[in-house]
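Participant: Features from Swiss-Prot:
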BINDING   T12, G13, G14, N124, R160, S188, Q287  UDP-N-acetyl-alpha-D-glucosamine binding site
Amino acid sequence: MSKTILVMAGGTGGHIFPALAVAHKLRDAGWRVVWLGNPEGMEARLVPQHGFEMVWIKFSALRGKGILRKLLLPVNLLRGFWQGLKAIRQVKPNVVLGMGGYITFPGGMMAALTGVPLVLHEQNSVAGLANRVLASVADRIVTGFPDVIKNGTWVGNPVRPEIAAIAAPAERFAERTGALRLLVIGGSLGAQVLNEMVPQAMALLGESDQPQIVHQAGEKHIEALKANYAAVGVQAHCVSFVEDMAGAYEWADLVICRAGALTIAELAAAGVASILVPFPHAVDDHQTGNAKFLVHAGGAFLLPQTELTPDAIALIRNYSRSQLLEMAEKARSLAKPDATEAVAQICSEIAK
């Protein structure tokens, strides 16, 4: 008889995509996979596309400003716990896996209360509030970065198989000549500061220093981005979404991007040099911590948004392809290509 896992993840792609990788791995191994999500969250749109059974819980973030949110917190918690308990009784999982987002808190607490084995995966270098609380009741804790939570095991963040399968940096760079290849990733929302600063920086470069540019900006910002490049007379391939992320990493010599946990894992798995601009308003400034993982190993440059200027970005004129290859290899040395398998294996080991 096949076993059942209840996967809890929601809110952002950084939680959902790694959880999907594990969910697919377990389903391929014969497991029944059920997903606990918020009907108003990103997971409600993404997860059903992969054919997973859903159960729903309406639960809002524990953090937040405003007197009304604080007054309603007890009601929010009680409702969340009740719905979490109802989901566990309905699904009858052999193990529960929390992959991040506030949605994991009520389900995780009810798993512990009912004696269902609970595995937590923390993607970021600084543990989120839900995982910090749940860590005291979890049976196993695994992390995307080293030394995040006491008693946690560093397994890395699951990435898409096609990214983990990219050829080694030395092999990719072997026949590469001509202009440097610059990939700018703004994310699904488009990082407006990158959309404004990078075109201005490229305008400061001489013709011989001008890289080939692929710039992803998010659907809402694509026309403004094209106008920014046109205004400074710089050619760039502007896209709202990168369909083939593995192909984009494989093509690039250098990536400019934010420092979300999944992005860091992909940069390491692909083995590509990067300039990391952490999102300054991330909870607990966790993106700076994420970035330092690659920076301290020599695989990336850290450029805080407060120091982000066209002149600072234009310093890429000083980077040689051989230097970027060396950085790419250092980034690749930190990769955890078996992260998906490791999380799935731990779930299998402790399932009742």
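Heads up, the Cβ atoms here are built off N, Cα and C, so glycines get one too.
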Participant: Looking only at DSSP and grouping its letters into three states, which state does G14 (UDP-N-acetyl-alpha-D-glucosamine binding site) belong to?
Facilitator: helix
Participant: To which of the binding-site residues T12, N124, Q287 does the lowest count of other Cβ atoms within 10 Å belong?
Facilitator: T12
Participant: Determine, from DSSP, whether Q287 (UDP-N-acetyl-alpha-D-glucosamine binding site) sits in helix, strand or coil.
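Facilitator: DSSP call for Q287 (UDP-N-acetyl-alpha-D-glucosamine binding site): helix.
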Participant: Other than its own, how many Cβ atoms are within 10 Å of the Cβ belonging to G14 (UDP-N-acetyl-alpha-D-glucosamine binding site)?
Facilitator: 23
Participant: Would you please pick out, from the binding-site residues G13, R160, the one with the fewest other Cβ atoms within 10 Å of its Cβ?
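Facilitator: With the binding-site residues G13, R160, fewest surrounding Cβ atoms within 10 Å: G13.
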